[in-house]
């Protein structure tokens, strides 16, 4: 496989002709490049530049390679971006970018996505008090990145428009002696980069090129390299485009990842002033005492350990790890009870804001978790059920997808199914996995699996079962995907091949689920797949390992030659069509259903 090649660019300022002429030249000489990532202001400085910009938007001029931008401000940006938001293809949760035109993608708000195996995180817009729809980031965007920072795995590239405050601390470079650190820099970015710990951090807006010496991260093996890029067509002829060829961290060994150049410095952000909310920033519900009922977890009334921040926002570092290197200088609250709730698997966004916008994509719990006697446990379970997308007692459950209900398990067609008869087997009890349930539950599950195997076999198909067990997960689901019998012998090989490409090995569990249940450690995350024939392949996920949550689905999508259906969000249909699919499935499965 050819090494990845990525181009990075500073403020474009709408000068797309000059940019793409240079990109085409570089691509011809040293390419092909896989993508172009742009930081800083992407749109023109004035209305005079809009006509050139619109030439690309309207298709009169072509963009040579996939191009991503986060600088969603400048002349013409509200009109162009508003039109992009209306595009039906941009509906839904799309961290990988909203399509503006062919080969041009807007990274909106904040997020993290995979780009040819590279983990790319971003913060769109700038820190301003204007509160406009475009060109600024919100506190919610910052909070979302803090939550993403806790995900397993290393971020390869972090994109911001503004430089992090303090990035010049500890550098021996003489190139920035006349640059004020307060010009185009942002303390919030400093805080985020210390938590995200990317391998590359790329920013614009300051107007100069700066390739800082790598610096060591606190509590991480790898070093970070900061690149500040100049604007396109700048009068000083400073470098505005830069090429890198990074190996995805997910495929590197610990030895490779921890290698540091001899000029590596200490982290420059240890003594940076902390960010405060922008003047004039719009308050959210819950910012005042009179509206405190909005917060399901009222941090202002809980016991704190450190942190003298004036706001009610929780410190993600403290909540997730129990400590914070900023100590009592941290502007966010250090709440011991919130940290305890997080350790029990409660969603940080739920604790911090009282709600989570990820819906069923969130792997955390959306209710406070109690300890103590059985009655407290039952109360906690009841609260969880009200919030969980998969609990039958929840108002959020999509009951029209349910196909069968037993004593311990129920079955439902998958939302956004890989195939029309893609089924989820879920425990009725709110539990994070199917492996640690009592024996009577396991016997019912075995009957269900046997029924699915028989049902699909009559159709000339074989059933593949897989489960992603996340140690802080919420409600378990064992997925069932039928494949043609002619492809059954390839399942084991394609899963092993996919694992090899991602840098890990699947372990054979010959004795099946019984052995897996015996070996299962609830303190670890786990993926396993039961292949046709009954053998199980499993992989225990290490604490900092980057593991794709949709691994099982993505592998089977490749096996079935339907790669475009690997993401369930691309496969969603309306409720009416879902209801028809359920009825068709129930009619076919009825004679095999052990719950009938």
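If you go along the chain as it appears here, the first residue is 1 and each next one adds 1.
Glycine is no exception: its Cβ is also placed from the backbone N, Cα and C atoms.
TrEMBL does not curate its annotations; it predicts them automatically.
What you see is a predicted model, and the numbers here were worked out from it, not measured in a lab.
Looking up the ranges 196-224, 341-369, 370-398 in TrEMBL, the one annotated as zinc finger turns out to be 341-369.
When TrEMBL is compared with the stretches 70-129, 130-189, 250-309, the one noted as region 'Disordered' is 250-309.
In the compositional bias 'Polar residues' (250-268), helix, strand and coil residues by DSSP number 7 helix, 1 strand, 11 coil.
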